[in-house]
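According to TrEMBL, the features are:
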{"type": "DOMAIN", "residues": "1-53", "note": "domain 'Failed axon connections homolog N-terminal'"}
{"type": "DOMAIN", "residues": "64-156", "note": "domain 'Thioredoxin-like fold'"}
{"type": "DOMAIN", "residues": "209-271", "note": "domain 'Metaxin glutathione S-transferase'"}
{"type": "TRANSMEM", "residues": "14-35", "note": "transmembrane segment"}
C-alpha cells in the first residue's frame, strides 16, 4: 500500500498527463482565436473576409458558409482580401467581413449589406416568384441539408476530416484530434437541439437524400438553379454540395452526387471551374480539359492563404498579374458548358 503514497509514480504520471493536455488545449485556443501576425489591413473601401484556414486537401473551406461567402464575392466580381485569423465576429460567427471599419456577420446579412453599399445584385434578373423560390431553397439547404452533411463530416467521417484540418505546431496531430472531437460533440449537441439529431442515422440520411433529390429535380438540365444566369442561391447551393463532392470520400452523399444525381456533380464542376480557376483537385482528369489544357492544369497554383483576389485580375505564385475573363480558366481556355460532358463523366465514375 505504501506504493500508493503521495509521491507514487501513478500520481506523477497523472500530473504530467494533465499538464500536457492543458498545455495542448491552451495552444489550440491560441491557434484558433489569436490573430495571426500578418500585415495589418485597413478596411477602408476594401472587403476583408474573415474565415477559417484552408484545409489540407485543396478545397477552399470545410465550412459551407465560408465557401458560400467567398464564392458569392467571386460571382459578384467584388475584389476582397482573405484574412485567416481564426477570430470570430462579435456575434460568434464565421465568416464575417469588415468594410470601411464596419463589421458584418451572417452570410445573409453580409450579402444584404454589400448590395446596399456597393449596388451589386445577383438576383436583379429574377421576378418575385423566382426570388421566393430562391429563398425557400436557401432555407432548405442552410437549415436542413446543412445538418445532415455536418453529421457526415464531423461524426461519421471524422477520421477523414481530421486529415484535412489545417493546424500546425509541435502538437499538431494532438491538436487536430482535440479540435475534431470537440467539434463532433458540438455538432451532435446542436443537432439534438435543432431536432434533426434526435432521429436515427438512417433516418437522417433519408432526409439528406430527399433534399439532394429536390435540388437535382429543381436544377434539371439548367445551367444554374434559377436558369441560365447565376444568382445568389447558386453560391449557397454550391457551398454545401461542394462538401459532398470533395470533402466526404466514400460516404453516401458523395456516392449519391457522383452517381444517380450526376447533374448536381456537373453543376458543382461548372461553378468550380468558372469561379475558382486556381482550385485544382487531385481527381481532375482529361474529361474536363481539352488535350491542350490537360498538362497546363497540373501547374495550377495552390489556394492562397493570405492574398488579394479579383476575378478579372489575379496573380501567379510569383505575384505577376494574369489577365482572366469570367468565362476562361487560369490558362485562358474556355469554360463553356460544352467543355463538360455528362455522359463521359458518368462512364468514368462507373469505371472507378
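Just so it is clear, glycine is given a Cβ too, placed from its N, Cα and C backbone atoms.
Mean model confidence for the domain 'Metaxin glutathione S-transferase' (209-271) is a pLDDT of 96. Under DSSP, the residues of the domain 'Metaxin glutathione S-transferase' (209-271) split into helix, strand and coil as follows: 42 helix, 2 strand, 19 coil.
Broken down by DSSP into helix, strand and coil, the domain 'Thioredoxin-like fold' (64-156) contains 53 helix, 12 strand, 28 coil.
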